[in-house]
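According to TrEMBL, the feature transmembrane segment maps to B:24-46, B:206-232, B:252-272, B:284-305, B:325-345, B:391-417. As annotated by TrEMBL, domain 'ABC transmembrane type-1' applies to B:207-414.
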C-alpha cells in the first residue's frame, strides 16, 4: 500500500515536472505565434461590439467562413460602448479590426481613435432594429402612445400644473381611462444595455417631448430635461430584468399582465408566445420598422479599420459578404434572423460606399 | 430500584421529543435539498435530451457535374463551394410536386438546414466519385422542422404567429408519409463548433477550449500550489511575514472571480501581449483563481499528517527534506490531488474571468492547441441561452448536461483517489 502511495506521489511529481516541460513548449509556441504576426500578420478577423448586432455579425461570419477559404472571424459581444473603446485603443494585431454598434460612433470616440493612430474608419450600416414593448399572447394586445409609455415608466411625471410629481400611476387606467385596469408592470434591460440607451432616446424622450414645457427645457436647461426624461421609476412598476432577452420573454409568459422591452429579433422568433404593442398607432412589423413609421427603431452599424484591410486577410471579402443583397438585402438571410433591412435604394448606396471604402467623417 | 428510574418523567419525555424532533428537522432539510436538486436535474434533462437527436430528411440528389464543378477541375475548394442548393431543391421538388413559384421554392428549401448545402459540399469534396451519380442522402432538417417533428410546435395556434406555416407542415407530412423523415443521433452536436443555426451547432470546440484551459491551469496551479503549501507548512518559520502571506492567501480565495479576469486583462493581455481569447491566457487566469484554493487545501492536509511520522523519520536520521519528500508529501498527496481536482472543477464552471480576456465569443473553428482562440463550456451555455432562436433552448440544456457530466466525472475521480489512497491514523 505504502509503495502505491509513494508511486502516486512520484507520478504526481512527474506530472508536475512534465508541467514545467509542457509550459516550456507552450511558451515556445507563444513565441512562435508572436513572431509570426510581425512577419505575416494575423490570419483571422477579430470583431467586437454590440450584443444587438452580434446575432447578425455571427451569422455573416459563419457563412463567410463556410463559403470562402478564410478562417471564420471571431465575434465577441462586448456592448457598443465597450466595443468602440477596444476598437479605438490601438492599431495592429492585438486590437479588433471591426466593431459592431447599435448606435452611431460618437465624435469623442472618433477622437480617441485618432489619438491612437486610427484615422481611416469605414462605416457600414447594417440595417434597422426595432425595440418592442410586448406582452404575452394570453392577454390582449396593448395600444399605447409614446406619451402613455413615458408616463408609465418615468420617475417623475408632469402634474398638469407646469410642475412635476413623483410617478403615482399604479394601473394603466390611471394614465388613460381607456386602457385596461391592470397594474403597470414593465420589464426592461439594465442601464448597461444598448437597447436601454436606444429606448430612452427614442421612446422616453419621444413621450417626454409631447409636453411642450419639457420640450422647451431641452434648449434652455439640458440637464433638467435629461433628468426628467431619462429617469426610470424605481418602484415595482419597472423591473430591470437583466441583459438576457430570452428571460424577459419567459417571464412575460408567466405573467400575462406584464410588458417587456426587448429587440424586434426576439419578437420575431417568439411570435407564438408574445405580441408587440401598438405604439402611436403603429404595429412593430417588418414593414413598419423598415419604412421608419414605427417610432422606436434605430440604425445598426459596424466600423472597420481601413488600415487593416489587406493586412488581415479576408476583411474586404467579409465586407462584400455583409453588404451583399443575399445577406443584408430585402430577402437576405439576415432578415431570417430578425434584422430589418434597408430598402433597396439605401442598401445599394451603402454597398457602393463600402465597396469604395469611403472613410467616415462626422459632421 | 428506585421508582423514578423506571417511570418516564415529563423531563425525560421532553428530552426524547427534542431528540426526535431534531432528527426530523435534519431529514426535512435533506429532503428539501434533494428535491431541489431533482427538480433541477429533471428540468434540464427534460429539456436537453431532445438535443441528442436531430431530424434528418432523405433527399434524392442528382450530383450533376455542370452544377457542382462546371470547370471540371475537381479542386477541393471548388467542390466545397459548388452550388448545391438547386440540387437539394430539385430533389425535394420530386417528392413535393407542384412547387414552382419562387416564393414557394424558397419556403420549401427552408425545410432543410441552411448548412445542408455546405455539408453536401464537404461530402462531395471528400468523395469526388459521387459526381454524376444519383444518390439518396440524409440531410439535416431546419431547426423549425426539427422542433415540429419533436412535437414542440403548437399546431393549433394561429398560423400568423407560427414560424412554420400550414403549408410547411403539409410538406413535412408528405415527406413523413414517404418515410423520408427520421430522427437520428445528433453527431454534429459532438463533432462541431458553434453555429448560428441550432441544427448545425456543436459543443466540441467549447469542450476542447475548456480542456486546454484546464490543462494550462493544472500545469501552472498544481506545482505552484503544492510547493507553496509544502514550504509554508514544513519549512517556513512562523513570523509576521508568513502570517501576512497566510492572511493574503485566505483573502485571495474569497476574491470574486471577475477580479482575476481584470487582472488577466491588465497583466497577460495588455502587459505581456499574450494572444486574446486563447485557452493559454484563460488557463493562466483560472490558475490564479484556483491557486489559493489548492494552497489552503494542501496545507490543511499537510497539517493533518501526524507529527509522529515526522518525528520517527527524523529519529531514524532522515534530513528535513528527506522527511518531507519521502514521508510527509507522499502521505498528503491523495488529499492534495483531491483539493486540486475540486479547485479545477470550480474553474471548469467559471465564465466571469473569461469574459474579460475575450473568451466569450462566437468561435466556430475547433481549437487545436492552447494558442488557438476558443471558448469554454459554461461560456457556450451562456451564449446559447442568450440566443433568440427556439432551437437553442434544447441545446442550452444539452450543453448543461455535458458540463454536469464532466463535473461529476472530475468529482468522482477525486473521491476515487481519496478512497484508494487515503490513510487513516
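Backbone N, Cα and C atoms are what each Cβ position is placed from, and that goes for glycine too.
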* Structure fact -> Given the transmembrane segment (B:391-417), its same-chain partners at Cβ distance under 8 Å and 6+ residues beyond its ends are 43-45, 47-52, 143-144, 146-147, 189, 197-199, 201, 203, 206-207, 210, 334, 337-338, 341-342, 344-345, 348-349, 377-378, 380-381, 384-385
* Asked: What stretch in B:206-232, B:284-305, B:325-345 has the biggest tally of Cβ pairs under 8 Å against the transmembrane segment (B:252-272)?
  -> B:284-305
* Same-chain residues at least 6 beyond the ends of the transmembrane segment (B:325-345) whose Cβ lies under 8 Å from its Cβ atoms -> 214, 217-218, 221-222, 225-226, 229-230, 234, 290, 293-294, 296-298, 301-302, 304-305, 309-310, 313, 318, 407, 410-411, 413-415, 417-418, 420-423
